[in-house]
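Trainee: Structure in structure tokens, see below.
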């Protein structure tokens with residue numbers, strides 16, 4: 001990680017391509033929002049020529065995944081005056097005031113509202129499910145039984161006599177944890193549907209298309225060339241935030257059809273993706289890059305899962321680990337690659353003598369603090385404290401980075417005017 005020195009940074013008048021990368025992590029987006037608030041305050045204090053300094057003024061590329069994608073949009077979406085619609089401190093307030101609406105915890109009373117007592121109806125649905133299974137066992141292997149079984153489970157969930165603890169477990173098999181309605185409403189209300197190409201600086205937001213079964217990278221530079229990718233910024237934010245199990249996938253159309261799930265399936269830490277995109281677009285090597293990569297917190301995962309009896313690890317076990325109510329498969333897919341990406345970049349930059357051009361800020365936290373959907377006031381306040389501690393720990397790094405960003409911006413403006 002950069003330490004504020006200038007070795008390996010090139011000539012004094014060198015202009016860098018600057019990259020801000022923000023990981024995914026749900027409500028843990030509070031942590032990087034606190035860090036960015038501290039950085040923006042330093043830029044406003046140190047840059048006497050830009051008293052209304054905003055993050056977008058200093059970064060040529062902003063990349064974000066999932067909650068980081070939403071922050072990317074908020075940092076770069078223009079207002080009526082063609083200035084960033086949100087300051088970094090506004091984004092922090094957004095998380096503090098909107099998280100409980102997005103991650104609304106269903107109560108037992110909510111579950112009771114739509115229940116019924118008709119045992120005959122339940123028996124009819126269960127008979128149909130048994131019939132579907134029997135047809136499958138009798139050799140109709142091509143007979144589709146998944147959808148009827150899901151329908152049966154959904155119907156069974158409404159039976160009042162079903163024990164509530166069983167209902168809660170079954171719900172996770174057939175429904176996303178959150179319906180996404182508030183997520184969609186709030187994102188559209190906050191960032192609007194301006195096209196991606198309107199962003200004030202270059203943005204990179206990864207998603208995963210479950211129909212094409214491959215990553216789809218939304219880039220404002222590409223959007224200016226290919227209208228099919230110039231989607232509404234709110235749609236892109238919703239797509240990159242559609243975490244499996246938590247939210248439903250997102251479908252929208254431009255001139256093509258998109259069927260998107262969380263960008264974390266492709267690159268939860270988008271820093272390496274951003275480096276590749278910038279080098280490809282700008283035809284440059286790593287020595288000309290200056291990178292700030294922000295994590296949303298890494299939990300101590302030791303002893304979280306124990307193999308026990310290996311024969312019990314079927315699909316359901318991978319999806320639901322009853323001892324701690326975790327989901328091993330989702331946890332591994334969305335968190336395991338994050339620090340490997342950081343290791344790749346830091347190793348490359350250090351080996352090539354560019355280590356002072358790469359800043360990675362990541363907080364360590366307890367497992368209980370790392371849930372992406374814990375929107376309790378206590379946890380939100382605790383995440384603010386974690387972010388403040390991280391910013392304080394790296395205050396010298398943020399100061400040095402702010403100086404570099406200001407110097408870089410002034411050098412570029414001088415070249416343009418000269």
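Residue numbering: from 1, along the chain as shown.
Note that Cβ sites are derived from N, Cα and C of the backbone, with glycine treated the same way.
Pasting the feature list from TrEMBL:
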- 66: active site, nucleophile (ACT_SITE)
- 262: active site, proton acceptor (ACT_SITE)
- 20-275: domain 'PNPLA' (DOMAIN)
- 24-29: motif 'GXGXXG' (MOTIF)
- 64-68: motif 'GXSXG' (MOTIF)
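Would you situate these features in the structure and describe their surroundings?
Mentor: Cβ neighbours within 10 Å of residue 66 (active site, nucleophile), excluding its own Cβ and spanning all shown chains: 34.
Following the DSSP three-state reduction, the secondary structure of residue 262 (active site, proton acceptor) is coil.
Residue counts for the motif 'GXGXXG' (24-29) by DSSP state, with H, G and I taken as helix and E and B as strand, are 4 helix, 0 strand, 2 coil.
Here the motif 'GXSXG' (64-68) has, by DSSP, the following mix of helix, strand and coil residues: 2 helix, 1 strand, 2 coil.
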Trainee: Determine the Cβ neighbour count for residue 262 (active site, proton acceptor): the number of other Cβ atoms within 10 Å of its Cβ.
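Mentor: For residue 262 (active site, proton acceptor), the count of other Cβ atoms within 10 Å is 29.
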Trainee: What is the interatomic distance between the Cα atoms of residue 262 (active site, proton acceptor) and residue 66 (active site, nucleophile), given in whole Å?
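Mentor: Pair distance, Cα basis, whole Å: 6 Å.
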